[in-house]
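Lifted from TrEMBL, the feature list:
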- ASP42, ASP108: Mg(2+) binding site (BINDING)
- TYR78: site 'Interaction with target DNA' (SITE)
Amino acid sequence: MTACKTPGRPDLDQLRALQRELAAQVIERPLTHEPQVVAGADVHIAGGEAVAVAVATDADGLMVREVRELWRHVDFPYIPGFLSFREAPAIVDAVNSLEAKPNLLFVDGQGRAHPRRFGLACHVGVMLGIPTIGVAKSKLVGRYAEPGRERGSTAPLVDRTETIGMVVRTKTGAPPVFVSVGNLITLEEAVAWTLRLTRDRIPDPTLRAHQQAQRALATRRARES
């Protein structure tokens, strides 16, 4: 599967149909082995240019094994619900450039917690064919009861009658995050790994990727000013 690259204004009806079709390729199943290399990926876009960063760490997120940074031109506009067509190609390229191939990937965005059950983490997970978890800082769709204030508290994220993710308190007193399956993992495992690799609010590998992407963008802006 390739990411859709649509010049100009995209045909959203066509892309909705494509998302529903590709959602059928997402596999929710237990991990087949214990991950040894975990990666986090994030992308920042400004002025039609995207910087994607992939950070590979050990299984506890404490030791950084490798960092890859790639720049790509982006034509696809910002449209909520269709961000994967804008961001997935750069993320996939960044992850593929890692020499330390990850057994598990965290993506800053939605997985199954998407109106058509195919958010950014699903798009990336299907393209890469590796276990992938979506951890988003805000809700896109669904309803939930506020989880407890303590770290580790959870509440189901439900759309109609379907549980599409889990609302997880990863830091006592901090706003919760929205965890959902990207590919090749169960929701229960996704929550467990999110808590295992999170010391602040978001998983350490993703936080490192986010910080590096911010630095790269700031450096480029400084050079151009």
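Cβ coordinates come from backbone N, Cα and C, glycine included.
Shown on the structure are the features that TrEMBL records.
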residue: ASP42; record: Mg(2+) binding site; DSSP (3 states): strand
residue: TYR78; record: site 'Interaction with target DNA'; DSSP (3 states): coil
residue: ASP108; record: Mg(2+) binding site; DSSP (3 states): coil
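ASP42 (Mg(2+) binding site) sits 16 Å from TYR78 (site 'Interaction with target DNA'), taking the Cα positions as reference.
The Cβ of ASP108 has fewer other Cβ atoms within 10 Å than any other of the binding-site residues ASP42, ASP108. Using a 10 Å Cβ-Cβ cutoff, TYR78 (site 'Interaction with target DNA') registers 10 neighbours.
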